[in-house]
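Per Swiss-Prot, these features apply:
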SIGNAL    1-28  signal peptide
TOPO_DOM  29-527  topological domain 'Extracellular'
CARBOHYD  N58  N-linked glycosylation site
CARBOHYD  N77  N-linked glycosylation site
CARBOHYD  N98  N-linked glycosylation site
CARBOHYD  N147  N-linked glycosylation site
CARBOHYD  N230  N-linked glycosylation site
CARBOHYD  N276  N-linked glycosylation site
CARBOHYD  N285  N-linked glycosylation site
CARBOHYD  N311  N-linked glycosylation site
REGION    364-384  region 'Fusion peptide'
COILED    391-441  coiled coil
CARBOHYD  N463  N-linked glycosylation site
CARBOHYD  N469  N-linked glycosylation site
COILED    477-513  coiled coil
CARBOHYD  N481  N-linked glycosylation site
CARBOHYD  N501  N-linked glycosylation site
TOPO_DOM  549-584  topological domain 'Cytoplasmic'
Amino acid sequence: MVQKMLTSRGLFLILTMLNLSQVPSIMGEQRWAILSTFPKPMPVRHDAIVFPKFFTTNKTVDLPYLLYDPTAPLGENRSLLEQGSLCFQINGPGNCINLTARALGKFNEHRGWVSTTQDTSNVEITFTNRTFWQEVNWVNGTFLPPNFSDKEHLHQPKIAPHCSLEDEGLILPWSDCQSSIIRWVDQSKTFSFSPNMIDDPEKEFVMKKGLFIQDFRMHPFHKWVLCGVNGSCTELNPLIFIQGGAVGKASFTGISRFAQYWGIHDASQDSYGYTNTSVEITGFNKTLVNQINYPSTPVCVYPPFLFILSNDSFEVCSNDSCWISQCWDVTKNTRAMVARIPRWIPVPVETPSTLSMFRQKRDFGITAAMIIAISASAAAATAAGYAMVSAVSGTKLNQLSADLADAITVQTSASTKLKGGLMILNQCLDLAEEQIGVLHQMAQLGCERKLEALCITSVQYENFTYAANLSRQLSLYLAGNWSERFDETLEALIAAVLKINSTRMDLSLTEGLSSWISSAFSYFKEWVGVGLFGVATCCGLVVMLWLVCKLRTQQTRDKVVITQALAAIEQGASPEIWLSMLKN
């Protein structure tokens, strides 16, 4: 039974191969295949096209939220490069983005003076200390550490408007705005971040010590935008309470110190100037809104992104030192690297196919025939002009020669333009046909062959689009032999025009019956040759048409015989009689 099945399958394979030999097909071409890979997280680099979106696990923070996901061992030994990768660390050495707990505030317009003290012991300098109170929306959470040495002005892709919002009485007044004050977050300068809470450390509004270390005018509740070098950005606001923290609205007490130098002329400050101005927030004055405390809140990412977690360097990762999870809990792991799992990978494979994806492109035969016909007609007109030279009187011949020269000159210019126009038209037709073919192919995209972990599509690997090849072929065609012959024909035509234009007949030689008979015979001989050439061309076309019809009839007959043979195999009968018809 098994032998019979093998024999039947062998005959079926032979008939299938015979059938393939009768019709055009694509054999052994490379196709795009979709390979299902084993999940292996790859670090997200600074030049990645897409950055992940971060989520918090606390709904009350008013930020994007996801449920907490447990951790699992990494399952292998790997060495992950930290520099240039999107990774974070909590107050430790390494090349990841450093995060630290710090207090930041959005200082409102409500402000008042408490007291002022002055030191006038020096005649030229007066030191003034002003104690003030300031209303502020403050947050004690996780942020980038301050950097007093970075004064570089950067630019980020604008994913949100720049704006300043009114105080609406919220405890966490998150805005949908993006700050224009930007800084680098790593020493290799691969990631930029906004808002930079210290724009210029030397400005008088910067608080370098006290409860808040920041620029007095900055707004920490804007979008925390982290961007890579290729314009990919993400928001880090969900990391605010990853170590826990608190938030509230209160009034703080601060001290503003500055010195007045008397006797120094300044156009903007009359007879004195200010230097060494500093602002420092020293402590609470009174609480306006109750403080809200938050525990350590893990941050999560959505698949296909995940975290690779560790408490040591990522350069040496093992199954015991690194873990993977959708969420990062700093109470368990102080370092996290964002990774992405490429679940499906496109790969080129070589496989036989019975699909005829696209019909063959039309060549430029029609264009060449039209151009050659134009050249032939121009040459025939030139020959007719030569023949008519002796058939008319000498007086009219000079005028005819000049008119013929002008006409052929115009036709030469028109033929050159027509050549370029027809080439452009052919290219447009080929490009339109290619686009229709690609749309048809994409509309019917599926698995031509589906294996356990591999889907072989019908999309050709090298010839997915023929547009570039068509343009290249067009350029080669224009520079080929046909184009050279066409240019030679035009040059010969121009030479003939010049020769006709330089022809001047003597009136004494234009009379006589013998000369007229000779010219008439020459004229008749030229047109007889043109007629015979046309008859021969028509006969050749008829013979070619007959051969094509005969070939199509033979192919139709062979397909019917093969179909009958396949039907005989399915019914258990012998297909030998049908195969013998193919041999005959």
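Each position is counted from 1, following the chain as shown.
Cβ coordinates come from backbone N, Cα and C, glycine included.
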Neighbouring C-beta atoms (10 Å sphere around the C-beta of N147 (N-linked glycosylation site)):
14
Cα-nearest neighbour of N98 (N-linked glycosylation site) within the listed glycosylation sites, N58, N77, N147, N311:
N147
Find the one among the glycosylation sites N58, N77, N147, N230 whose C-alpha lies closest to that of N311 (N-linked glycosylation site).
N77
For N77 (N-linked glycosylation site), list the number of other Cβ atoms lying within 10 Å of its Cβ atom.
12
With DSSP, how much of the topological domain 'Cytoplasmic' (549-584) is helix, how much strand and how much coil, in residues?
30 helix, 0 strand, 6 coil
For N230 (N-linked glycosylation site) and N147 (N-linked glycosylation site), what Cα-Cα distance in Å is obtained after rounding to a whole number?
24
Cα distance, N58 (N-linked glycosylation site) to N77 (N-linked glycosylation site), nearest Å?
33
Once near-sequence residues are set aside, which residues in the chain of N58 (N-linked glycosylation site), 6 or more away, have Cβ atoms under 8 Å from its Cβ?
Y65, F241, Y294, T297
